[in-house]
Amino acid sequence: MENLGFLIISTFLLLFTTLLPYSSASTTRRFHFNVEWKKVTRLCHTKQLLTVNGQYPGPTVAVHEGDIVEIKVTNRIAHNTTIHWHGLRQYRTGWADGPAYITQCPIRSKQSYTYRFKVEDQRGTLLWHAHHSWQRASVYGAFIIYPRQPYPFSGSHIQSEIPIILGEWWNDDVDNVEKAMMKTGAGAKVSDAYTLNGLPGPLYPCSTKDTFTATVDAGKTYILRIINAALNNELFVAVANHTLTVVEVDAVYTKPVHTKAIMIAPGQTTTLLLRADQLSGGEFLIAATPYVTSVFPFNNSTTVGFIRYTGKTKPENSVNTRRRRRLTAMSTVVALPNMLDTKFATKFSDSIKSLGSAKYPCKVPTKIDKRVITTISLNLQDCPLNQTCDGYAGKRFFASMNNISFVRPPISILESYYKKQSKGVFSLDFPEKPPNRFDFTGVDPVSENMNTEFGTKLFEVEFGSRLEIVFQGTSFLNIENHPLHVHGHNFFVVGRGFGNFDPEKDPKRYNLVDPPERNTFAVPTGGWAAIRINADNPGVWFIHCHLEQHTSWGLAMGFIVKDGPLPSQTLLPPPHDLPQC
């Protein structure tokens, strides 16, 4: 199975050479995804795994900035499915965004749907994944946008690129894991392994052969495209004996940041430069381990792979030499932070700044038209009568924003909005501030009432509005780092802090010069984060925690951007093959 690691790398090398790293030309690129079962073995455990085209991870979508993309998805399983193109803005094409019951009804068994959209003013590393129940545990892949212009990275010529997709593996059927969690009201069973490009590596049982390996030449520079497709865990990543240079996050160029390790949340991407500055013939660990802020059970293991330097070995000793090199690499200390190292996670996140050059300006709104402040909370709900619940104190776990636990409707919100048939589907009364003001991060999690309301509540803004959303963490049950993803828009993280947000003092300390531009960000443990959005994309857009367990519990909301005054500022009509509920 080690050959699978080389297969993934060679596929990317082929893309790197057939799709030039930059091009001013654009075209229509077509792909076909078959969602299907595939028998896969990991950790000495064989099971039917949900895949795209039988691949785990799924196929890479590689396009150029300005391309029109058509991806036909055929559902070959008995369950409904959808695919989300994570981080793609979908300007005026919300029908192609993918979250089930938000922008489309799911694709039914034996049916197909073609996602059509244009890649406009975006370049870099993104991802795609399933967006129905917990299918994205194995249905995911890289989405690479090559730029019109040369990379702005200074320094050495780029030799090639290496994709590294982080994931999780369960020996159990993940659908059953989710169902058990929702039935019992308890937390989900943790994964059995973390993976690098679908491979757990030699620290897990029966997995020496299932180890990711990338080959480099000494003296050359490589692009590492790091994608966190894990279901429920933020991760630290490092390469032994190497300094990494961050040059892009979430497909947006950044000022260079030199670091020994990174923290990356589910849904985030980080593009790094790795200079192969070690001696030929060596091997070095690349490792990922969780960043933990939760009191809930978690997988505390580490996945590793290898960066192998080319170099001649004597034929008669090649196997033994390779084994000795690998043992030496395994004994090398990797500069991974401690799993509880919030200080490092905070410092790293704060170090990321937008490039802010003349060619790639930072278009952060310096003034706002609307501010929404929302709490993000884990909740406990009373157990229904005649039912046993396994959550804390015999209750059920839920989650909420401003004490509203999001409920998906039985039909698409976008379609009902477009047809002006919202009655009974959703309402536009999401509270724009917490219903009660209290010490959000100092509350006693035992004595407080942690019940929540349920609903499909959104808020609405005018086209072109300059929107600020402040996400306030709470200490209900646990203070925790929440990675939140905004669909349909990039945003600027203008402020972050610990404790409670102060609307008078904290905005005075905002970074309105070069804040990081992202599509997914982490609200600090026991703190808050403020983002600003240029709301210039008409449609219905989902905001949710990218820890899938929390989304299932209701940690989500949505907002609507109304049509603008010009034809080019209006939502396009639905496609003819849009799935029906």
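Backbone N, Cα and C atoms are what each Cβ position is placed from, and that goes for glycine too.
Between the candidates H258, H482, H487, Swiss-Prot assigns the Cu cation 4 site shared with C545, H550 to H482. Cross-referencing H131, H132, H157, H242 against the Cu cation 3 binding annotation in Swiss-Prot, which names H487, H544, picks out H131.
Annotated Cu cation 2 binding in Swiss-Prot involves H86, H129 plus, out of the candidates H546, H576, the residue H546. Put plainly, the recorded positions N80, H131, N241, N300, H550 were compared by Cβ crowding within 10 Å, and the winner is H131. Between the CA atoms of N403 (N-linked glycosylation site) and H86 (Cu cation 2 binding site) there is a gap of 27 Å, rounded to the nearest whole number. In space, H86 is the closest of the recorded positions H86, H129, N386, H546, H550 to H487 (Cu cation 3 binding site), judged by Cα positions.
When secondary structure is read from DSSP and collapsed to three states, H550 (Cu cation 4 binding site) falls in the helix class.
Each of the glycosylation sites N386, N403 was scored by how many other Cβ atoms lie within 10 Å of its Cβ, and the smallest score goes to N386. For the pair H86 (Cu cation 2 binding site) and H131 (Cu cation 3 binding site), the C-alpha distance works out to 10 angstrom.
Taking the mean position of the Cβ atoms of H86, H129, H546 as the Cu cation 2 site, the remaining residues of that chain whose Cβ falls within 8 Å of it are H84, L127, H131, R136, Y140, A229, P266, G267, H485, T520.
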